[in-house]
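See structure below.
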């Protein structure tokens, strides 16, 4: 009887809810960052396209980089979801795993939000400046890469945390 009580204290019934909150945090914040980056840089591309339609293909780089942010969040959400199981399946899901998965989701989600914000602003102003001065392109791409790396840092931390939750 004491064994069952100790097990339920370490693995309460609400522990999977916290893990699912990690999935939601990863997808909500990561997708919001990707959407902001896509929308903001898309506005700049639309402005450039009216004056210089020949530059549109080169100016799509910020939009592609914003989409990658959502892929980072999707990868972490799928990894967290693989550790969850339905009640009664005999799978042990502890409170530690729940909080670890919440930390995974928040780390990739919030860094994805920051990266998307960075990519959106740099993409918008960068493509507008590129229309006027072609030498700005290399600098714009470098700044976009540094913005993308913010999301990659969150992905790396989330992957490390996820492996720690497996014991």
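Positions of Cβ are set from backbone N, Cα and C atoms, glycine also.
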Looking only at what Swiss-Prot records, are residue 83 and residue 129 on the same side of the membrane?
no
Which listed span Swiss-Prot calls transmembrane segment, if the choices are 14-34, 35-55:
14-34
List the helix, strand and coil residue totals of the topological domain 'Cytoplasmic' (123-140) as derived from DSSP.
15 helix, 0 strand, 3 coil
